[in-house]
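Visitor: The structure's right below; bear with me while I get my questions together.
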Amino acid sequence: MADRPRTLAEKVWEEHVVARGEGEGASREPDLIYIDLHLVHEVTSPQAFDGLRAAGRPVRRPDLTIATEDHNVPTVDIDKPIADPISRTQVETLRRNCAEFGIRLHPMGDLEQGIVHVVGPQLGLTQPGMTVVCGDSHTSTHGAFGALAMGIGTSEVEHVLATQTLSLRPFKTMAINIDGQLPPGVTSKDVILAVIAQIGTGGGQGYVLEYRGEAVRAMSMEARMTMCNMSIEAGARAGMIAPDEVTYEFLKGRPHAPKGADWDAAVAAWDALRTDEGAVFDAEVHIDASSLSPFVTWGTNPGQGAPLSATVPDPADFADETAREAAAKALRYMDLTPGTPLREVAVDTVFVGSCTNGRIEDLRAAAEILKGRRVAEGVRMLVVPGSMRVRAQAEKEGLGEIFTAAGAEWRQAGCSMCLGMNPDQLEPGQRCASTSNRNFEGRQGKGGRTHLVSPLVAAATAVRGTLSSPADLD
């Protein structure tokens with residue numbers, strides 16, 4: 001297999017096959033794949049540990065397993081007991097399970113605590129060529145390092161804990177070619193929202209997406225993680241970017257990154273992790289980066305988006321009946337009128353954070369817009385770092401002072417308002433400009449309405465009170 005040109009995804013896959021499934025094509029049996037890194041949190045792991053306990057099995061590789069508390073944790077008063085009994089039980093259960101099975105845990109208050117997809121990269125645990133899994137759909141984030149990273153279900157969590165392997169069928173591959181240079185004020189969040197709008201929320205189903213092209217190479221690691229994070233919103237199994245000097249610069253010196261001669265050997269191996277010339281993808285998409293502008297969702301799935309300069313679409317303009325019905329239903333829930341300029345849509349809340357946009361670069365971008373300005377009257381803004389280490393760095397740079405001076409709430413680390421599983425939620429009817437990844441009905445709280453945006457758009461929106469880009473503040 002190695003004598004033919006291969007894609008990045010194929011290379012990583014084939015390096016991890018423990019046992020190849022019998023057969024060919026659609027009838028091929030699953031391969032048994034070795035897992036290099038298993039990330040765990042409090043929501044999808046309790047039943048998995050119960051299964052191990054019932055079967056009398058240990059965790060096979062606790063040294064390749066790391067846990068953190070993120071989904072259910074509060075982002076204020078973290079020194080007090082968690083108020084919600086279900087959330088408190090899940091967090092306490094994770095602590096007991098990690099202690100019993102010998103798994104390293106970063107609890108609330110720990111400097112390395114935070115959202116699992118922020119913590120893994122910041123510790124240098126995520127490295128090129130790895131297979132990475134977690135009981136969380138946005139595990140695809142780690143693909144920004146050239147890793148094959150996938151979200152898995154609770155039964156699969158148990159299987160990996162017990163065997164350090166997964167039974168999987170090979171995925172198809174899709175190249176997302178983003179050529180040219182991004183205009184000023186356009187970010188990777190705008191790019192991925194545009195990709196999803198183009199191919200749809202099911203366009204990537206069954207595929208691993210590989211992001212390629214000049215615009216991708218020019219992105220920071222934080223920006224690349226944002227794009228790979230939302231591959232799932234396009235229906236994909238994973239997203240990947242070949243490692244390069246940007247990757248190595250990010251990783252070098254991190255706690256779990258190789259050191260000395262091991263680092264040199266690792267980089268030499270990582271340099272081979274790129275799609276070979278002549279390799280054939282199952283599908284390809286081309287996007288002109290120079291044509292993109294700040295993007296925003298108007299509906300109730302991430303594919304229902306448009307440039308901020310557009311108006312709310314008319315369902316009648318959709319050619320497909322299913323799309324027309326979906327758009328009409330979304331607009332009813334979002335309480336939007338066709339033809340309304342998106343820049344005139346007022347918000348109650350702005351959220352900057354999540355595993356999509358809760359890293360230090362995202363906070364710097366938001367702070368740059370907020371510096372010397374105030375959050376609009378009647379708007380509540382939450383800024384939630386993706387990890388306690390990100391928060392510490394932001395404090396060191398004075399970003400926390402900028403947020404609070406502007407009237408925003410500067411909080412502790414956690415998933416926060418990305419999802420309605422902790423105290424940070426919208427009230428029914430409230431509208432939020434959010435840097436998170438999903439805008440489903442009730443995602444941020446029952447009856448809440450979500451517009452997905454970049455940190456730049458979020459900060460500008462907080463200042464003006466309506467969906468806005470930084471250019472609108474000039």
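Cβ from N, Cα, C; glycine included.
Relevant sequence annotations retrieved from Swiss-Prot are reproduced here:
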- CYS355, CYS415, CYS418: [4Fe-4S] cluster binding site (BINDING)
Visitor: Within 8 Å of the Cβ centroid of the [4Fe-4S] cluster site residues CYS355, CYS415, CYS418, which other residues of the same chain have their Cβ?
Guide: ASP70, HIS71, ILE115, HIS138, GLY353, SER354, THR356, GLY358, GLY386, GLY414, SER416, LEU419, SER436, ASN437
Visitor: Once the chains shown are all counted, how many other Cβ atoms turn up within 10 Å of the Cβ of CYS355 ([4Fe-4S] cluster binding site)?
Guide: 27
Visitor: Far apart in sequence but close in space: which same-chain residues, 6 or more away, have a Cβ under 8 Å from CYS415 ([4Fe-4S] cluster binding site)?
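Guide: The list for CYS415 ([4Fe-4S] cluster binding site) reads ASP70, HIS71, VAL73, ILE115, SER354, CYS355, MET421, ASN422, given in order along the sequence.
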Visitor: Near the Cβ of CYS418 ([4Fe-4S] cluster binding site), how many other Cβ atoms are there if near means within 10 Å?
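Guide: I count 29 other Cβ atoms within 10 Å of it.
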